[in-house]
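Peer 1: One structure is given below, represented as structure tokens, and several questions about it will come after.
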């Protein structure tokens, strides 16, 4: 038995929600370790859809413990609203099935406002990143700047006032520079005191809780949000998120040691998508790109934004295999490729007349690369709902084998529809 870390191996939206839900049935604890409420996913259980963006997937399953780790930035209002939506669907959320790290950073209204002001200013100058305007980046900035308000601070109103003073010294200086009205001390105090009683019951010393559970032999599933190529260090900077999304963050963002992480499962879509700005070497701006977007329902859960679509990029996924230490992948949305006469896979790039096997880190070089493709024959038969290799067309199996060979990692799971049980299990990550 081992613990499992789930990471996205592309730009997010790889189908992590379904795979995490599939695995969470067998886990005891599901841990979120980075990001905020900027990356959503939909779980379908017994025909009911649950939309989550901050809460770990385990929260909708009876008998499971969901944990929000210290690496997550928590918007208390978004948290309360999400709990309310789940309770309206009959899901009970109490400290018996949800714990939040007492040292997790809080997202405040001033973070959301700063995020939006920056994006508006950047839109006018052509340097827009394409954030969700939810305050994620500014909250992480305050965390690194050592001025953040954390969950534990809600329990100590006597010292909270001084911490609010410190954060406002920074933010009001920024607001004056942007020509925006300053935020009052009382407004932030009111904002925090209004949510304290709803948030504090869930707080815990998460590293200690997880260590005790590990020693008891509990199965722990670490749930990543977004994807490797949005990692602040290893992604397509500056068009990235504000946290580390690679598997190593599961340790830092939860308080578990790296030796406890176990199997690293990379969720990998059978084609490529991206939301927002930034380089995308295999992007298809033609009828095939439209086909993938329509058939794959490529619209963001949180923002509703249309995703950009393109061919599978083996060179990028190879990089993700390396930077995460991925043990095996879960290949998702194979069924979206049904009916295409031919399929292409990017195996490398041409850059200024030279062939390279990885995407360079330089923004300028990323914009100049041209993908090198191999072409495979497609298949006409449907793969929707396949639950064994015998259910798959020969060409679909050939495509999967080609992907494995090109990325240098085996397929552990193969997903053939949004339904949880439409999954071909090759290797059980929990038993590896």
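In case you wondered, yes, glycine gets a Cβ from its N, Cα and C as well.
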Peer 1: Same IMP site as 13, 14, 15, 16, 38, 39, 40, 41, 132, 146, 226, 305 according to Swiss-Prot: which of 205, 241, 323, 327?
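Peer 2: As annotated by Swiss-Prot, 13, 14, 15, 16, 38, 39, 40, 41, 132, 146, 226, 305 share the IMP site with 241, chosen from 205, 241, 323, 327.
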Peer 1: Fewest other C-beta atoms within 10 angstroms of its own C-beta: which of the binding-site residues 12, 15, 40, 304 fits that?
Peer 2: 304
Peer 1: Going by DSSP, is residue 334 (GTP binding site) part of a helix, a strand, or coil?
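Peer 2: Reduced to three states, the DSSP call for residue 334 (GTP binding site) is helix.
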Peer 1: Would you mind sorting out which of 15, 305, 306 (the binding-site residues) have a C-alpha within 10 A of the one on residue 41 (active site, proton donor)?
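Peer 2: Passing the 10 Å Cα cut: 15.
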Peer 1: Among the binding-site residues listed here (40, 305, 306, 307), which has the Cα closest to the Cα of residue 18 (GTP binding site)?
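Peer 2: It is 40, whose Cα lies nearest.
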Peer 1: Among the recorded positions 13, 40, 304, 305, 306, 307, whose Cα is within 10 A of the Cα of residue 416 (GTP binding site)?
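Peer 2: For residue 416 (GTP binding site), the recorded positions whose Cα atoms are within 10 Å come to none.
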Peer 1: Measure from the Cβ of residue 416 (GTP binding site) and count the other Cβ atoms within 10 Å, all protein chains considered.
Peer 2: 25
